[in-house]
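Engineer: Have a look at this one before I ask anything.
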Amino acid sequence: MVENKIKQELSLRKDSRMLKRWSKIELPIYLKIYLFEVTNPDEVEYQKGKPILKERGPYTFIESRYKEILGYEQEERLVKYKEFTSFHFDRSNSIGDLEEEITFLNVPVVAAINNVMAQLNTTDLGYVMFDALKAVLHSMGEPLFEVHTIDEMLFKGYFVELLERLKTIAEEFGIEIPENLPNKTFGLLVGKNNSDNGIWEVQTGIGNDAFVVYSWNNSRKVPYWTHDSCNEIKGTDGSSFHPGIQRSETLYAFQPDLCRSAFVTYASDSNIFGVDAFRFTIPKKVFAAPLNDSDNFCLCTRPVKDRRICLINGIQDMSSCRDGAPIVISSPHFFDTDPILLNDVDGLEPVESKHRTYLDVEPVTGAVVNAARRMQINIEIKNDAEFMVMSRVRNMILPLLWIEETAAINEEMANEFKFMRSSLRNANISCWIAIALSFAMTVLGFTLLHTYPYHK
């Protein structure tokens, strides 16, 4: 009876209190960014040296989120919306200023070479761009590593002259180059401030379970993988789960940052300010190597001759949903990944308490009361004798940065929730529901901003 009452009261009806709280998250959400500086760039570029990494961070930002309601469908059983996120630099909780400089990989060069090589054997124009890229890189003397400010590497970005020159050559041959970079400006988070992550349509809880994703960008599945079992959208939007959570459950959420749905499983009991919760974490199976796991086989989109990456546990190749950019995601510091990745670089120290993602879910309401979302962005580096800048490097997965997104209820909210539980024990269900309505929409969410360059 209690679960049914919760479902009824916590639905996303028009003009409801629940809808208002769900539309604008009031809790502070913190985004901490750690970048990896390569301290021996010449050895890496010219001598096939192993990169020595120095972690720089955190550079902390406070997130603000709000949902723009676009409309209702199916007699209010579905609500369509966009969620916008803005970021404000928090100097007091950061290691330094955004104007500090860092030696960082020349990502546009690596991505350009990767894209041209992928198209080389597909069309005659691929050979035109191959020759053009070789000529431009030679004339410009583009290095593998450059010095930029932290701000340039994140939100501000910097102008990429390479793209300007390539576009000029391409136009002479009638080749159209997609504008993947706004104004030919590259930064890992350029264009992400005050941006949305697509059009969502979720169930409202009227005659169904609230927060379950019905469609994303007007589609019931994503187009990135080789089989519908990987493309299928399933689970909630991540803001909450159904009431009455059990330890034995597997909880699914659709993750635009992964370009697919993923799941978490129970790890342990937890407690925040006296509120009991279940801690759920991402199991190894989510990132099991596609060629070693039948459930993940459709995540391997590489041609047969280039499937080494599909044999590595703990990572996900994102090139199929990042316009061909050789982006690879993992846990920070390669936590819970194949040891071969740690052997390719120096300077990483994986620690579970620092680098594992977790969600603390209050089981009665299904609300997320404490969460830490941690993910590392890497890039695949390939030795290529055709290009001088890549001719003396080793093959590797090079970490670029990792991010930690955290939020939690405060002590005041926890006290309200403990009073709610006391009301439940005293059979005062109406009082319990009233407080649950206020509490449950402090949900922290399970979605992460798109940090990847060349996002479609």
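Cβ coordinates are placed from backbone N, Cα and C, and glycine is handled just like the others.
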Engineer: Have a look at TrEMBL and say which candidate in C298, C310 forms the disulphide with C300.
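Structural biologist: Matching partner in the record: C310.
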Engineer: Of the listed cysteines C298, C321, which one does TrEMBL record as disulfide-linked to C259?
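Structural biologist: Between C259 and one of C298, C321, TrEMBL records a disulfide, namely with C321.
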Engineer: Given a 10 Å Cβ-Cβ cut-off, pick out the one of the disulfide-bonded residues C230, C298 that has the most other Cβ atoms nearby.
Structural biologist: C230
Engineer: Out of C310, C321, which of the disulfide-bonded residues has the smallest number of neighbouring Cβ atoms within 10 Å?
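Structural biologist: Lowest Cβ count within 10 Å among the disulfide-bonded residues (C310, C321) is C310.
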Engineer: Of C259, C300, which of the disulfide-bonded residues has the most Cβ neighbours inside 10 Å?
Structural biologist: C259
Engineer: What kind of secondary structure is C259 (disulfide bond) part of, going by DSSP in three states?
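Structural biologist: The residue in question, C259 (disulfide bond), is coil (DSSP, three-state).
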